[in-house]
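Novice: I grabbed these lines from Swiss-Prot:
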type    : residues                     : note
BINDING : 35, 36, 37, 55, 82, 100, 107 : S-adenosyl-L-methionine binding site
């Protein structure tokens, strides 16, 4: 399977509604991906003269470049992490910033990337940026049992983190964990029968934990939340879409702290979630949450 399988952007209408009446001129999309949100924003807002889109996934950027060809004079794409975007961005640059956190449908559907437990014979990679960093396989084969357990606990909130880590280390003594099937085999005796009967795959939390660790998503999110308020012009808005509590909680707390410091106000007192119609059409959208913060019009 290839990256040509389209990613369906979530909460598009709701994201657009947060910027209507603002006439943004300079916009930043730090997770441009395949360009779904970008296409919608550039179509909806002719006022946007410059749309800076960045992503760590080179294959996604290639798709985005093709998708956004009709807007090529208004788009600037960059291969960059949140940290690298920060080094390239001056304070007070943007009227709006959008972040769509987590893994995309396109990445999940490409079994060769190792994000999904469906591709049994494919390598456990899980890197969003395949040009650098450790793969999930390298993590599982090189870290100590205690370190692996901490990953499963802290980034996956897996209740059986100790047992899962012990099973991984026991398995790798006989055979390296190189593929999705290897990880399944390594943890086959960990989960009780009731976990196996659930609709949610028992390895879901472990896959989440490995993905977050491999891509340093927590550290990257901290950089974003420490920096994005500075990137905004007075009256600018930061919109963040998250898909799990590990991402949503820091966003919620950062917005509350920024409001308490007088940096602006939270526009989404009640978090925005997908409609029933959207979750029916795109089941992967069901856990999405959208929050938005508006920077004060006065310098603080």
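For all residues, glycine too, the Cβ spot is worked out from N, Cα and C.
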Novice: If you count Cβ atoms within 10 Å of the Cβ of residue 55 (S-adenosyl-L-methionine binding site), leaving out that atom itself, what do you get?
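Specialist: Result for residue 55 (S-adenosyl-L-methionine binding site): 25 neighbouring Cβ atoms inside 10 Å.
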Novice: Three states by DSSP: which one describes residue 35 (S-adenosyl-L-methionine binding site)?
Specialist: coil
Novice: Taking the Cβ of residue 100 (S-adenosyl-L-methionine binding site) as the reference point, list residues of the same chain whose Cβ is under 8 angstroms away and which are at least six residues distant in sequence.
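Specialist: Result: 9, 10, 31, 33, 37, 241.
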Novice: Where's the emptiest Cβ shell within 10 Å among the binding-site residues 35, 36?
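Specialist: Lowest Cβ count within 10 Å among the binding-site residues (35, 36) is 36.
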Novice: Sequence gap of 6 or more, C-beta under 8 Å: which same-chain residues meet both conditions with respect to residue 82 (S-adenosyl-L-methionine binding site)?
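Specialist: The list for residue 82 (S-adenosyl-L-methionine binding site) reads 30, 220, 221, 223, 224, 227, given in order along the sequence.
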Novice: Using DSSP, would you call residue 107 (S-adenosyl-L-methionine binding site) helix, strand or coil?
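Specialist: Helix, per DSSP.
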